[in-house]
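A.B. asks: Annotation source TrEMBL lists domain 'G-protein coupled receptors family 2 profile 2' at 13-281. According to TrEMBL, the feature domain 'G-protein coupled receptors family 1 profile' maps to 27-277. Per TrEMBL, the feature region 'Disordered' maps to 300-334. For 15-36, 48-66, 86-106, 118-140, 165-190, 225-248, the entry in TrEMBL reads transmembrane segment.
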Amino acid sequence: MANGTETELFVYEQVVVLSTCVLSVLGSSLIFLTFALWSDLRTTPRRLLVYLSVSDWLSAVSYAYGVVKVFHSNSPDCVAQGAISTFANTSSFFWTVAIAVYLYVFIVKSSQRLADSLVLSFHLVSWGVPLLITATAVGLKKIGYDASEVSVGWCWVRIDVQDRILWMLLTGKIWEFLAYLTLPVLYILIKRHIHRAHAALSEYRPILANRPASQSFSSMADVKLTLIPIIFIVLRIWSTARFILLLADSPVRQNPVLVTLHGIGNTSQGAANCIMFVLFTQPIRTRLCAALCCTSKCGAEPSASNRDPQTLLPGQDPPSKREEDDTSTAYSNT
């Protein structure tokens, strides 16, 4: 399966992947900043997003080091980088699914108490399982130089160990496959619930003056529900493709375009989350613009000072938005 050759990395590939690493570090840092600056944004879903961003930040930093260094042996820094990226990447899968589970319980099951009670379990699983797997892999000397067979310069599972496929599954791929299955199902169920709730209420609730604003909130929530699993799959599918090609011992896994797409996908999650949950979330975007004194660009958007802070809390509607159901409010401000 491993023929002893190393996937060649070109300078342009390193530059592109390093750029996405930087964007993810900046994107994750912006999520941290907005969470720290505005206390009324500290909802439970956004706290979960911060925990996910910690994993994405660690992944991006460790991947950036690997892309710059381009390891060629099982050096100590190779093992360290591989351990950090393995832990962070696996943790990112768990937190991504945890957010979907939280929203499913909160929205579909209509139980904020039950959803909030799951947060401790999310911590135990999303930090504990990756830490246990990574520590075991390092202890058994499974982490190290992988000849960029299923990476882009960084270290992961050693290519020279006999049971490398098993450890590739345990340290990432099996959780990636499960996320592919779980995320679309959960978000489809959430979307169906929201659409049914809106259809049932549309016959009874009055048409208010601020209806278009409410519809825009609901529409953005619906777009996010659609895009989250799609973006996750689009970013991660290239890594999966190279893993499958490795199983088939196909030289196509070394194709420069595929390698570049793999590098971009694995290192872009932090940037994608920032775009989805900061730049595409109007209350936060408005505040950021105001903080940067971009009044000319933000003048068309409603002022944050005129918006009731409680609209940012899941499951609560201000008097002016009673016609927007709790499910849309909970998600549109995630």
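In case you wondered, yes, glycine gets a Cβ from its N, Cα and C as well.
Owing to the predicted nature of the structure, the values given are computational and were not obtained by experimental measurement.
Have a look at these and tell me how they're positioned relative to everything else.
C.D. replies: Residues 42, 46-47, 49-50, 53-54, 56-57, 59-61, 63-64, 67-68, 152-153, 260, 263-264, 267-275, 277-278, 284, 287-288 of the same chain lie 6 or more positions beyond the ends of the transmembrane segment (15-36) yet place their CB under 8 Å from a CB of it.
If you look at the transmembrane segment (86-106), the same-chain residues 6 or more away from its ends with a CB under 8 A from one of its CBs are 44-45, 48-49, 51-52, 55-59, 62, 112, 114-115, 118-119, 122, 125-127, 129-131, 133-134, 137, 143, 156, 171-172, 175-176, 178-179, 182-183, 186-187, 189-190, 228, 232, 266, 269, 314-315, 330-331, 334.
Residues 44, 47-48, 51, 55, 79, 83, 86-88, 90-91, 94-95, 98, 101-102, 105, 157, 167, 170-171 of the same chain lie 6 or more positions beyond the ends of the transmembrane segment (118-140) yet place their CB under 8 Å from a CB of it.
Residues 1, 86, 89-90, 93-94, 96-97, 100-101, 103-104, 107-108, 133-134, 137, 142-143, 150, 156-157, 225-226, 228-229, 232-233, 236, 239-240, 243, 247, 327, 331 of the same chain lie 6 or more positions beyond the ends of the transmembrane segment (165-190) yet place their CB under 8 Å from a CB of it.
Sequence-distant contacts of the transmembrane segment (225-248), counting only residues of its own chain at least 6 positions beyond either end whose CB sits under 8 Å from a CB of the stretch, comprise 1, 96, 100, 149-150, 165, 168, 173, 176-177, 179-180, 183-184, 187, 190-191, 194, 258-259, 261-262, 264-266, 268-269, 272, 276, 331.
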